[in-house]
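As recorded in Swiss-Prot:
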- C41-C117: disulfide bond (DISULFID)
- 20-119: domain 'Ig-like' (DOMAIN)
- 70-79: region 'Complementarity-determining-2' (REGION)
- 1-19: signal peptide (SIGNAL)
Amino acid sequence: MEFGLSWVFLVAILKGVQCEVQLVESGGGLVQPGRSLRLSCTASGFTFGDYAMSWVRQAPGKGLEWVGFIRSKAYGGTTEYAASVKGRFTISRDDSKSIAYLQMNSLKTEDTAVYYCTR
């Protein structure tokens, strides 16, 4: 009985820690094809500069698609992109503000999606 209570307590602690991490996206909207849009991801609850940050998206009726990521400054702050967005999308970060950005240029109709940032 004592072991069971300890295990439940540990789960409660871990869930509480997880809930402290917040990633809030902003900047979305409707734009015409060919135009630009910049999304922001404001992070809290962890040391932002220590982590790589990724962007993924989900088009209507489809699964999640990886867009790209930016490494932490400790790993050069370099970026990688999906072939579908390479040359049009740029990911950047401002560690002093705990914000990751997704600059989207030359937008296409197929870029229509809900965009999420992930740690």
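For all residues, glycine too, the Cβ spot is worked out from N, Cα and C.
Away from its own ends, the region 'Complementarity-determining-2' (70-79) comes close to residues 49-53, 90-93, 95, 100 of its chain (Cβ-Cβ under 8 Å, at least six residues beyond either end). Within the domain 'Ig-like' (20-119), the DSSP-based counts of helix, strand and coil residues read 10 helix, 46 strand, 44 coil.
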